Amino acid sequence: MASSPRRTVVCSVLPLLLLLAGAARAAGNFYQDVDITWGDGRGKIVGGGDVLTLSLDRASGSGFQSKNQYLYGRFDMQIKLVPGDSAGTVATFYLSSQGSAHDEIDFEFLGNASGQPYTVHTNVYSQGKGGREQQFRMWFDPTADFHTYSVVWNPTHILFYVDGTPIREHRNREAATGVAYPRSQAMRVYASVWDAEEWATQGGRVRTDWSRAPFVASYKGFAASGCASQDAAACARSNGAWMYQELDATALDRLQWVQKNYMIYNYCTDTWRFKDGAPPECATK
């Protein structure tokens, strides 16, 4: 990558690009793109392949994974979350490799009692180590309609977007801090709905009301644009726009707006958890 001229994607136009790309994303078909991997029939592809629903009841949740693996790319999913009293439930959209030293990039949506807001939980794992949580409320009702959740992953940045607005930036600081960055393990895209009543809602104080089951989340518009080769060196030379994407000044302003008004937890500022000081990557963010 060092031999290629660096190009910066102007991310303030991402909302427009998302709209322009809508037709291409809509052409994605769950029959072709994913495998339903668990749930004993609780995951269903409907609408000719345009929509996939995942449900949870007392016996089991459900989930699916992408047929392809990727090393860097951009990944979009439109999700309509479980409506009503969703306490104790978790819906997910994430990337992960396999094994105890896996890499992972997470969107998790923690349900709540009726009338209370969802918590959008994000995390980044590298070499099996996570604990890099940031949590947000949304500025809309994520159960009323579909909204687009996106991850951009390249050698220097991991970017989280909601409807084209950046909510989190995780930079590769490995050279400066020694903290590993996901850069060598291919990942599949996963989604699931599962029971986490022991911790998901208000630390487990509010449990799942199973009389309201099944709990159903709907997914559509899955789009994955990335390097599907298993050759890490080849993927590091990819020339997709996502390989050079970072936040420009306008996008950084939007990020700061979200983090000022809607962030409810940041591991970097958790002095109770990190009594001896914040993790090393936080000092250089």
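Heads up, the Cβ atoms here are built off N, Cα and C, so glycines get one too.
Just so you know, TrEMBL annotations never went through curation; they're auto-generated.
Model, not experiment: these values are computed from the prediction.
Annotation source TrEMBL lists signal peptide at 1-26.
Across the domain 'GH16' (24-219), mean pLDDT in this model comes to 93. Here TrEMBL flags 24-219 as domain 'GH16'.
The active site, nucleophile annotation in TrEMBL covers GLU104. The Cβ of GLU104 (active site, nucleophile) has 18 other Cβ atoms within 10 Å, all protein chains considered.
Every protein chain considered, the tally of other Cβ atoms within 10 Å of the Cβ of GLU108 (active site, proton donor) stands at 20. What TrEMBL records for GLU108 is active site, proton donor.
Residues or ranges marked as N-linked glycosylation site by TrEMBL: ASN112.
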I need the CA-to-CA distance for ASN112 (N-linked glycosylation site) versus GLU104 (active site, nucleophile), whole Å please.
25
